[in-house]
Amino acid sequence: IVEMDPGSFRTFDLSYYKLVLKRRGLFQSDAALLTNPTARSLVNQLAGGSLASFNAQFATSMEKMGRIQVKTGSAGEIRRNCAVVNS
């Protein structure tokens, strides 16, 4: 078992973004956040901002994700490997 957010896995805070900036993210997608100037800027803003601001932005993001239409029936698929479309 590997923690995504070592030292802070039981709290919902900004430490994940601070680890990403130190290139200590667990996933390839974490490292990819630093290769795009827009994404890097957002990570810097989140890591250097207040927890209250992060919580507000997170809540807005969750609301947006809640409006995504779920694919049902034959319109979607459950992948055997999430990184690869089933063949």
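Glycine residues also receive a Cβ, built from the backbone N, Cα and C atoms like all the rest.
Per TrEMBL, the features are as follows:
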| type | residues | note |
| --- | --- | --- |
| DOMAIN | 1-86 | domain 'Plant heme peroxidase family profile' |
| BINDING | ASP5, ASP13 | Ca(2+) binding site |
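Annotation for ASP5 (Ca(2+) binding site): same-chain Cβ neighbours under 8 Å, separated by at least 6 residues, are SER15, TYR16, LEU19.
Listed in sequence order, LEU51, PHE54 are the same-chain residues six or more apart from ASP13 (Ca(2+) binding site) with CB atoms under 8 A from its CB. The average pLDDT computed over the domain 'Plant heme peroxidase family profile' (1-86) stands at 90.
Taking DSSP states H, G and I as helix and E and B as strand, the domain 'Plant heme peroxidase family profile' (1-86) has 43 helix, 2 strand, 41 coil.
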